[in-house]
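*Asks:* Here's the feature list from Swiss-Prot:
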BINDING   Ser109, Leu110, Leu111, Pro112  (6S)-5,6,7,8-tetrahydrofolate binding site
Amino acid sequence: MRLVFMGTPDFSVPVLEALVAAGHEIACVYSQPPRPAGRGKKDRPSPVQARAEALGLPVRHPVSLRSDEALADFAGLQAEVAVVVAYGLILPQAILDAPTRGCLNIHASLLPRWRGAAPIHRAIMAGDAQTGVCIMQMEAGLDTGPVLAREAVDIGPEETTAQLHDRLSALGAALIVDTLARLDQLEAVPQPEDGVTYAAKIDKAEAQVDWDQPAEDVDRLIRGLSPFPGAWTLLGDTRVKLLGSRIAEASGVPGTVRLNPLRVVCGTGAVELTQVQRAGKAVQSAADFLNGSAIEDGTLFKGKS
């Protein structure tokens, strides 16, 4: 099938690779423009652009798709389907209408739950037992289109956003290949009006831990914001990111550190920290963090006040 692929971050790369491996003709890859990155602030191509170029595929990275030139360029590709996954630009109606069989979006949630920008983070932060991937026929609304295929997965009790991200990326890659192979047999099912929730973009202000909250909420925050932006607390004046956790038991006032293993008391219950990162340092296991720190039992982490 003649496709246009539209994606930008790491999440999208396995999908592009799967479409190529399945023998689809990729007429063009669209991705966000290169951004300044690294210490030298040199322009760096997106993960999708870098992989597409390595595969020998043509790449376009327009700043907008609304100009007459951009619309004509897209229509000229004469694609049957556009596959869209975490592209980052809103597609105008003329783009949605250009492929003869429409635009298909890979969305990392079980729609209509968690429409929007951060469905993986929000599913973990909300304590959802399950999430998954949907293949949706795109329309003008935000993740409102009818669903062609869906597959659910359980969220592990210690799973982080990074881990779930990789699982859902692989699942989405397999599901879109299967969907395209069976496109003539699949029925697009409208999303129900009940159960709609929105996965708002993560605000860094959410990331500071409030140790007065129940351990379940703190654990979900830590896992849901790992690795980015990373839940954090203060040890003295030093910011410490908390990147892995599990539910534990300990007593004391909220924020109290207990050792062997590294645990922190919450409003109710406690969390055990499994991965941490001091400001300017590499990610460490809790054991390595304790070996390199002068933390004593009873030390207080300062949380959100």
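Cβ atoms here come from the backbone N, Cα and C positions, even for glycine.
Owing to the predicted nature of the structure, the values given are computational and were not obtained by experimental measurement.
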*Asks:* By a 10 A CB contact count over all chains shown, which of the binding-site residues listed here is most packed: Leu110, Leu111?
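*Replies:* Ranked by Cβ atoms within 10 Å, first place goes to Leu111.
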*Asks:* Taking the mean position of the Cβ atoms of Ser109, Leu110, Leu111, Pro112 as the (6S)-5,6,7,8-tetrahydrofolate site, which residues outside that list, in the same chain, have a Cβ no more than 8 Å away, listed in sequence order?
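*Replies:* Near the (6S)-5,6,7,8-tetrahydrofolate site, beyond Ser109, Leu110, Leu111, Pro112, sit His107, Arg113, Trp114, Arg115, Pro119, Gly132, Cys134, Asp143, Val147, Arg150, Gln191, Gly195.
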*Asks:* Specify the count of other C-beta atoms within 10 Å of the C-beta of Pro112 ((6S)-5,6,7,8-tetrahydrofolate binding site).
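*Replies:* The answer is 19.
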*Asks:* If you count Cβ atoms within 10 Å of the Cβ of Ser109 ((6S)-5,6,7,8-tetrahydrofolate binding site), leaving out that atom itself, what do you get?
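*Replies:* Step by step: centre on the Cβ of Ser109 ((6S)-5,6,7,8-tetrahydrofolate binding site), count other Cβ atoms within 10 Å, giving 24.
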